[in-house]
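Working notes, structure below.
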Ligand code: C5P
């Protein structure tokens, strides 16, 4: 097979708690991550040269090593030089649907798709843990993006444990087109305002920490109880992003008052989501929020949670 086309789903954070500042500059987290159907399309194709050639369609993304998708291909070449010799370079075509710098792991999902795509294209037969280990070298959210679904993440976000399929929500998603939030900025600002040292890296405490911090949400997921899940969603980064971006705080408030089970910012923002039980309820929330806000700068999406990460669309 000379090409694979993959679907790379975005994620939302049902939970993001910052436990403290790590000596390596990252933050120790407890996160619950959830894949949603909104996703990018990535094609990887053997190009008969030695090179990586990345095309991002009409998106403003760079097509060089500043793009995570490009770096993912470089990482595969560095780790599997023999496969690169055998199969040659790769054309990567990226069709963006996930908004950028939105807290939805769009760049991470694309990088995860390139790792999976090259594993397929080069017949490497890598296991999920092997792919996740490579992914962790590129970014904290990329291991999750490979398998997707519902998972709890600890460490800097790269240590994953799958959770029972929480695939039960319709999601109204909204983002200001003109507002982008840099993830490093959000974490650094949090560190300045609320930072506390985190030195405890005792692995045996990790399991306990998950239940201490995300317990009620985890119970909701365990029992597939949408109301309990939605009433325990949480995101510490709201404390820095919302005061810095008043329109996002207003959007969050409008969405929350439009109905649904619960509203939260995703990741480092600025996208905001509302969880709903049914499609009809989500459509109503969307209509009410659009009318109340009446802001042409805000894009809305109606999507739903899904139980998987990168998937082959066709080949
Ligand atoms: O790992 P990734 O490259 O996706 O992280 C982007 C940035 O987000 C990091 O450079 C860091 O500033 C911040 N970050 C953090 N703690 C984490 C994850 C990310 O401070 N656990």
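Using N, Cα and C of the backbone, Cβ positions are placed for all residues, glycine too.
For reference, Swiss-Prot has these:
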ACT_SITE  11  active site
BINDING   99, 100, 101, 102, 103, 104, 105, 106, 107, 108, 109  ATP binding site
ACT_SITE  141  active site
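Features recorded in Swiss-Prot, as mapped to the structure shown.
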{"residue": "11", "record": "active site", "DSSP class": "strand"}
{"residue": "99", "record": "ATP binding site", "DSSP class": "coil"}
{"residue": "105", "record": "ATP binding site", "DSSP class": "coil"}
{"residue": "141", "record": "active site", "DSSP class": "coil"}
**Prompt:** In angstrom units, rounded to an integer, how far apart are the Cα atoms of residue 107 (ATP binding site) and residue 141 (active site)?
**Reply:** 9
**Item:** Cβ-based isolation winner (fewest other Cβ atoms within 10 Å) among the binding-site residues 101, 105, 109
**Value:** 101
**Asked** Looking at the recorded positions 99, 101, 105, 141, which has the shortest Cα distance to residue 11 (active site)?
**Response** 105
**Request:** Find, for the listed binding-site residues 99, 103, 107, the residue with the lowest Cβ contact count at a 10 Å cut-off, counting only other Cβ atoms.
**Result:** 99
**Request:** Ten-angstrom check, please: count other Cβ atoms within 10 Å of the Cβ of residue 11 (active site), all chains counted.
**Result:** 30
**Message:** So if I draw a 10 Å sphere around the Cβ of residue 141 (active site), how many other Cβ atoms end up inside it?
**Reply:** 28
**Prompt:** If the ATP site is taken as the center of the Cβ atoms of 99, 100, 101, 102, 103, 104, 105, 106, 107, 108, 109, which further residues of that chain fall within 8 Å of it by their Cβ?
**Reply:** 10, 98, 267
**Fill in**
Spacing of the two Cα atoms, residue 99 (ATP binding site) and residue 141 (active site), in whole angstrom, works out to 16
